[in-house]
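Only one structure is covered here, and it is reproduced in the block below.
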Amino acid sequence: MLVLQCLVKGHPRPQVRWTKTAGSASDKFQETSIFNETLRIERIQRLQGGRYYCKAENGVGVPAIKSIRVDVQLCDSGHRTQETGTGDRRGEHRDSIVRFLECVLILNPCLRFSWDSSRKEQEITKTKGHDVVQPLYTQGETKVLKLKNLRPQDFANYTCQVSVRNVCDIPDSEVTFQLTSATSPPSLRLSVNETLVVDPGTDVTMSCDVTGGEPVPTVLWSRFPAPLPPWAQARGSTLSLRRVTPRDAGFYSCTAVNNVGNPAKRTVNLIVRVLRNITFQITPDSNKDSETIQMGRDLKLSCHVDAQPQDKVSYSWYKNSAPVQPSESLILLRSDPDMAPGTSSLEIIDMKFRDQATYSCVARFPGSSVPELRVDVNITQSSVTPPVLTVPPGGSMVTVSEGKGAELVCLVDGKPRPPVLWSRADKDLPMPSGENLVETKEGRLRLDNVTRNMSGSYRCQTAQYNGLNIKRREALVQLNVQFPPIVDPVFQDVRSKLFQRLPLRCSVLKANPARIEQATWLLNGRRLPGGVVLPEASEYVIGTLSTGNNGTYECRISNSAGSTSCVFSVSARAYSPEFYYDTPTPIYTLRTSRNYTYDLQWTQREPNAVDKIIGYWISVTQKRQTVLSKQITVKEPQKGSLLSYKIQDLRIPLSYEVRLTPITTYGLGDSATRNIQYSEAFNYPGPLAERVCGFEDDRMCGFTQDQNDKFDWIRQNNLTQNPKRSANTGPIKDRSNTDEGYYMYIEASSPRVQGDNARLISPIYNIMFREGPQGRPPGEPGCPLSFLKHSACSLLGSLNVMLRGRSFGGTGPPVWSLSGKRLPDGNKPWGTPEESGAFSQVVFEGVRGSGFEGDIAIDDVSVTKGRCKQDNPISNTGGLTEQKEPHELQVWQTLSMSGWPAGLGR
């Protein structure tokens, strides 16, 4: 999971937008105003790497922009190896036998890439005819092992090993390739023709026989452009389809892969026979530009059927049920060049009286079970007349209300009567169905649930098929969709000072019909007198705003199609405050009290919109229990000015809900609510100031786990403990005695064994000085360190405290240690720590003892700049103060150590 956070300052609250403009194609994630400015991507993918930009703008000054580059670390487990040929791709050693073993993968970053042979005596070196090359014509991370002049000892197992050295916990990976004298790429042979035409309802079986390849290839089936049908059965190299239908047609491919050379692929074009939608056309003598049948002139009858495959259709012509015999006056065209492909025509030359008859066209697939299609055309002078297209009286304009149904009508007459095609007069607009043309037999176009977007002109025209193939007849029908007014604003929050004149205006942006029939104003549902109706708006004026006429004002504007409302929420109530980005770390009042203070900061939204804000009501609750509720007084807020209030006596590590409400002479305004929670930091960018780390948030005050130990310290509290944990191991709660309080501990249970260690490393302290004669800087006080420790078992291993300095890099010997026993009582000295000089980090090391009950816990670590309570490092080497909780068996002990080297005094 990727979490990016943009910390933004500014007033009014900035609008934040995240974009990604590098890496893969530009991808915009958010364009909404968010308060926490956080971009969160669950389960990030490799293509989501790149540069991310956070842009904040609030209309004041120029936008603020920050960017960050995100690298997605990955290492594919699906590596593959290939033997790609017997010739050198670079043009060398053409007379030699060369094998290329290719390891292809995608990873980021690539830190190590190597080949290894199973024959230990067979080293991969250039001198023995081996070479590792980067190919010229591949992309990504590809490494090739080139074996020249193959010898018997070169036939072995080769392993391609890759490592990113555990970046982001990505494990190392490898893949093995077996090279033998029989190694060869796959080859295939189809059991059917590459174009396979079948009848619907037929069972189809296709096989790709593997004719070569070592290792034995794996055969996979696929289909283009759609996936394989769910009912297809693929068994090895055989694919079976039962009772195929036209939707099963497509290109089926079998692919054989054995990671040697290129995959072998064969494709079958499966065509399922189908005949549908047979049509005819009657074309009078085109040379004479005629639209009627006349004796002594030519006439052509055409027949077309939508078929699959189109080129396998056979047409037969009949005259009065007898097959047409071609002659000088009757000419058959199997494929008419003047018509759409797959059209058959019968031409009648110099038409005579004997040529008046019923002609039939029959389309079929020879030898197929697909039923034939037939169309009959009666040709006489009286049976064929040109079409006439008309719009009924009053039908050229159809008016309907939005949401209702409409019928557009174009009447057509003629013999034979052709269908009517409907389209939009604007060619760029599709029909409501999404198609460009809609065919209707009776010339009636039915539209359901019409919308305002359907308004406009519709064209009706005669089709040139199933009738005379002559000039189209056309007409236009106008659809007028009426809809209620579109108003502005739909909703508006209006704030004002008391006793002010306040005009309200509801504007009409668009309406059909445009005339406003009525405008009604209401307050909280009660009709108001007055109100002005303008040609494109309605206005209402509140003469004097008071506490009695605050509320919801509604303006209902109506036309003959319906009504729409503008809603105004009118109030003298103050806007809500907007919380600012508070101090990230709470402020302690007393270290020993376990309490903290929170500096709450906010700005007031539009403070001048209403009467003067005289104070705020603050309410603080914890688990629905009120701990603070009172009015606070602050300076008069100005737009953009920062206000603050310290909330004191909050208990570590609890979180609280804070509700803040402005107060004016009108009364309480809008409230703002937020949760505050205890957080801590242990990084010291400057001189040390007393601060206690109780490990209450997941940042752990900057403490980190050592990567070179055996296991890790665990952060937990009472709520996250394992309910099945071993008895009498580890504390039940931290020193604050709350379920939410956290501490760090080591778990001694399996798989841990005696001697395993876990190290917790503090952040780097800014302690730079020269040492004095006794290991302490001259004139500088020491830096006492104290922490709480817990153990409850005699099988304890060891708890060691070590130092890490800038000068010596690693850790020195333990300056304090406790091993193999419970905590002692009282203030018994622990021994004298070694003088080690200045330090920059503290290391807590827990070592597993002889039993699983030897858990160790620490809490409340603090480093304080100042001298220890006593300056004698020998007589006062440490102290232990026991704090017993009456209802617990566990005992937390406070350990404070003095006499430590400069920078670590207690």
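Positions of Cβ are set from backbone N, Cα and C atoms, glycine also.
Remember, TrEMBL labels are computer predictions, not curated facts.
As written in TrEMBL, here are the features:
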- 1-69: domain 'Ig-like' (DOMAIN)
- 101-176: domain 'Ig-like' (DOMAIN)
- 186-269: domain 'Ig-like' (DOMAIN)
- 284-378: domain 'Ig-like' (DOMAIN)
- 386-478: domain 'Ig-like' (DOMAIN)
- 484-571: domain 'Ig-like' (DOMAIN)
- 583-682: domain 'Fibronectin type-III' (DOMAIN)
- 691-870: domain 'MAM' (DOMAIN)
| request: Look over the recorded stretches 186-269, 284-378, 484-571, 583-682 and say which has the most C-beta pairs under 8 A to the domain 'Ig-like' (386-478). | output: 284-378
| remark: Secondary structure split (DSSP) over the domain 'Ig-like' (186-269) reads 3 helix, 48 strand, 33 coil
| If you average pLDDT over the domain 'Ig-like' (186-269), what do you get? | 93
| said: When secondary structure is assigned with DSSP, how many helix, strand and coil residues does the domain 'Fibronectin type-III' (583-682) contain? | reply: 6 helix, 53 strand, 41 coil
| field | Residue distribution over DSSP helix, strand and coil in the domain 'Ig-like' (484-571) | value | 0 helix, 57 strand, 31 coil
